[in-house]
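Chemist: Annotation comment: TrEMBL describes A:16-561 as domain 'Cytochrome oxidase subunit I profile'. Annotation comment: TrEMBL describes A:33-51, A:82-104, A:125-147, A:176-198, A:218-244, A:278-299, A:311-331, A:343-368, A:380-402, A:414-437, A:457-477, A:497-522 as transmembrane segment.
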Amino acid sequence: MSVEHAAVEVHHKESFLTKYIFSTDHKTIARQYLITGIIWGVIGMILSWFMRLQLAYPNQPMPFLEKILGRWAEGGILKPEFYVALITMHGTIMVFFLLTAGLSGTFSNYLIPLQIGARDMAFPVLNMLSYWVFFAASVVMLISFFVQTGPAGAGWTMYPPLSAIKSAIPGADVGATLWLISMGLFIVSSLLGALNYITTTLNYRTKGMSMWRLPITVWGMFVTAILGLLSFPVLLAGAVMLIFDREFGTSFFVPGGLVVGGQPVPHEGGNPILWQHLFWFLGHPEVYIVLLPAVSLVGEILATNARKPLFAYKVSVGALIGIGALSMIVWGHHMYVSGMNPILGEVFVITTLAISFPTAILIFNYLVTIWRGNLRLTPGMLFALGFLGLFIPGALTGAFLATAPVDIQLHDTYFVVAHFHFTMATAAAFGMFAGVYHWFPKMFGRMMNDKLGKIHFWGTFIGVYLIFFPMFFQGIAGVPRRYYSFTEYNFTSQFVGLNKFITIAAFVAGATQLIFLFNFFWSMFKGPKADKNPWKANTLEWQTDSPPPHGNWGPELPVVYRGPYEYSVPGAEEDYIPQTVPIKVEAK
Amino acid sequence: MSEKQSKFHGLLFLFFFITGMILSVWVVLRNGWWLPELASDRETIDKIFVTIFIIAGILFILSELSLSFFVLKYSGDPNRRAFYLPGNTKKEILWSILPGTLVVIILEISAEFLGGASLWGRIYGEVPKDAFLVEITGEQFAWNVRYPGPDGKFGKTDPKLISTDNPLGIDISDEAAKDDIVFPAGQGILYLPLNRPVVFLIRSKDVIHSPYLPNFRVKQDAVPGMTTRTWFVPKKEGEFELACAELCGLGHYRMKLPVVVEPAEKVEEWLREQTPAADLYY
C-alpha cells in the first residue's frame, strides 16, 4: 500500500487559478462541492417556500409574488403549471444537487484521503473534472429557470408520457430537455467521483490501515460509491432514451394511440412502465446514496463525542454493506400500483421488509454507542443525535409503505412526503450539518460558533417536526401529494388550516438556516483558530494540521497501528488513543 | 473532555418528545384525522395499517425516549469516563443482530400474515363472474366513464376514431359497442351498486393518471397503452370522491369524479334510462 511516489510533488507552486478554481487538491474540491451544495440548498429551500405559500393561501392574491416571479404569478396567484415546476425542481435540487453532490462530493472528497492516510485521490484530475462537470450540470439546471416555458415540470421522477410529450405540460418543453441534459452531466460527474472514491479506498490506504481499521465514514462513502457506480448508468441510459423519444421520434416510453389536448401523438409501441423501472433502479439506490454517507458521518461523530467505541463496529459495517446490497433489489416498492405484474409486487414486499433488518441493527448500534457514554454536546453531536431523532420515525413509517396492500391507500399521498422527508431528506441534511460542524475546524482551520450552532440545531430540529409530522396525518386521511391546492375535495379541504400552520413552521425553520449561513461564512474568516485535534478524535485527519497542507502530511505518511474507535480504554492516560499511536506504548 | 456539559439539551429533547407526543395525540383525536371512513370490503388494509401503527408507535416512543434519556443521563462530566465496551465480542454481535431480527419478524408477521398477501392475491387474481363492470379512462383533466350495457361486454375502441363527439373512439360497427353507455370526460358520475363486486377497467388517453378512491382503499394507475384492473365490493351507500393520485399535469389537483353508491336495483334502473352508444355515434 505504498503511496510514496505522491510525496515527491508535494511542494510545487500554485497560482490562484490552480489553488482555488481548477484545483486538483481533494480538499479544495470538497470545499467547492460544499459551497455549491449550500447555494443549491438555499435555492431548493426558497422554492419550497413558494409551494408552502400556495398551499397555505390557495387562490388568494399575493401581489409580492408577481413582483418576484413575474408571469408565473400573474395577479399574485401562482400558476398551477409553475407549482408543478416547483415540486420538480425542489425535488431534483435537494436530492441530487444538495444531498448527492453536496453531501458525497464534500465528505467523500474531504475525508477519504485524509482518513486513510493518502496524499490525494487516486485520480486528481478526474476528481477536478468531476466537480466541473457537476458545475456544468448546475449551470444548465439554473438556465432552465429562465426559459420561456419554465423549468422541468413533471415531478422529479419525470414519468413519461407527461415528460415525453411537449404539449402535455409547459414544463415538458425546453425545461425538460435541459433537465435531462443536466442530469446526464450530473451522472457523468458522480461516476467520475465514484471511480475515484473506490480506487482510492482500495489502493491508497497507508501502512497499517487495513479495511477493518477504516473509520465507518470511509466504509459508508465506499459503499455509496459502489452503489452509484452500479445504478447511475441505468438512469443515464433512461435519460438518453427519453431525449430520443422527445427529440428524434423514437418510442421507448410512449405507446401508440395517444391523444393529448385533442391532438394525436405520433408515437407507436413504447411502454411508460419501462421508464419507471429504469428510473427507480437508480431512484431507490439513490435514496441510500443520499443516506449512507449521512449515516456514516453520524456514526463517526457519535462515537467521537460519546467517547466510546462504536458499538459492534464490524456488524455496523456489515449492516451498511447489507443496506447497500439490498437497496439494489427493492425499487419495485415504488411501483405497487403502477400496473406492473402484481406477482413482482409481492417479491418486492419481501425484499423491502428485509432492508429493515440491517437498518434496525445500525440504529440500535448507534443508540448503544451513546448509552453510558460521556457525551460532549457539540453542535455536530446535536445534529448527529437529531439525525437519529428524525430517522427513527422515517424508517418506521417505511414499514407501512413496504406492505403492498397498505401502500394501495398511502401511495402518492402526503404520508409518502412525510416519510421520505424524515428518512432521507432531513435526516441526510442533519447528517450533512453534523459533518459540517464537526469537520469545519479541519476544513477551514477555524472553529464555528458553538452557541449559534446549538440555536440552529434546535430551530431546525423542532421546525422539521412541526413541518413534516402533521403530513403523516394528512396522508393517512388520504391527501394526494403534488396537489396545487387542497380546496377541490371534501377529504382534503379539512387541512387548509393545518397547511397554514405548516407553512409558518417552514418559514421559521427556513429563517433559522440564516443563522447557519452567518455562522459558516463568518467563522470561515473570523472564527477562533482551531487546534490540530479540537475534538480529541482518533482518526488520521485529526493528526495533521488544521487545515492540512497540500499533500496532507509532512514528508512521512502516517502509520496506523490500531482501529479508529479506541475511546475511554481502561488504563490509558487519555480517553482517546489516535490510530497513529503504536501499540507498545499502551502495553503495561 | 474539559467542561461539564449542561443538562439543558437532554431536558429539551425529553420535553420536546413528551409534549410533542401528547399534543399530537390530542390534536389528532380532536380533529379526527384518521383513515377516511371505510366503504368497501378491503377492511384488511385497515387492519394491517392499525397493527403496524401500534407496533411502529411503540417502537417510536421507546426509541425516541431512550435517545432523549441517554442524552440527559450521559451528558459529559470531566470527572467521569465513558463505560468501555470492548469491540466485537461474540456477545456484542449477538446483541446487535437480535433487535434487527425482532423488528423484521414483527413487521413480516403484521404485513404478510394478517392477510396482506392473500388480499393482494385476491385483488389481482380472478374477478368474480357476476361482477359489475365499469371502464374509467383518464385524460387531462377529467375522467371518461363507460358502462358495458346489457350485454356486459365493452365494444372495441380505436384511437383513430377519437373526436370531440366520440371521446373514447368507440367503434360502433362492433356489436358489443352498440349498447355501451358513455359519459365523456367531466360529464359523468361513477354509479356503483352496493354489495356487488365492482371491476374497474382503467385506461388513459394521454399521460399516466391514477384513480384513487380513499374511502374504498382503491388506487390503480391508469397507464396509456394498456388496461389495468382492480376490483372491490362497495359496502356503504352514499356519495364519495374519486381523485387522481399520479401527477398528470397542471390540473392534476382538480381531476375529480363524483362517486355514488346505491342499491344494485337502483343502479340497474338508472343504467337502463341512459342513451346507448348506438344512438350517439353513427
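A Cβ is built for glycine as well, from the same backbone N, Cα and C atoms used for every other residue.
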Chemist: Same-chain Cβ contacts of the transmembrane segment (A:33-51) under 8 Å, 6 or more residues past its ends?
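Modeler: Counting only partners 6 or more residues beyond its ends, the transmembrane segment (A:33-51) has Cβ contacts under 8 Å with 65, 69, 78, 83, 86-87, 89-90, 93-94, 97-98, 101-103, 105-106, 109, 131, 134-135, 138, 429, 432, 436, 443, 506-507, 510, 513, 517, 520.
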Chemist: Can you tell me which parts of the same chain pack against the transmembrane segment (A:414-437), counting only residues 6+ beyond its ends and a CB-CB cutoff under 8 A?
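Modeler: 34, 37, 41, 94-95, 98-99, 102-103, 106-107, 287, 290-291, 293-295, 297-298, 301, 378-384, 386-387, 390-391, 393-395, 397-398, 400-401, 448, 453, 456-457, 460-461, 464, 467-469, 471-472, 474-476, 479-481, 516, 520.
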Chemist: Are there residues at least 6 beyond the ends of the transmembrane segment (A:380-402) whose Cβ is under 8 Å from a Cβ of it, and what are they?
Modeler: 294-295, 297-298, 301-302, 305, 333, 349, 352-353, 356, 359-360, 363, 366-367, 370, 410-411, 415-416, 418-424, 426-427, 430-431, 433-438, 453-454, 457, 460-461, 464-465, 469, 472
Chemist: Give, as a single whole number between 0 and 100, the mean pLDDT over the domain 'Cytochrome oxidase subunit I profile' (A:16-561).
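Modeler: A mean pLDDT of 95 is what the model gives the domain 'Cytochrome oxidase subunit I profile' (A:16-561).
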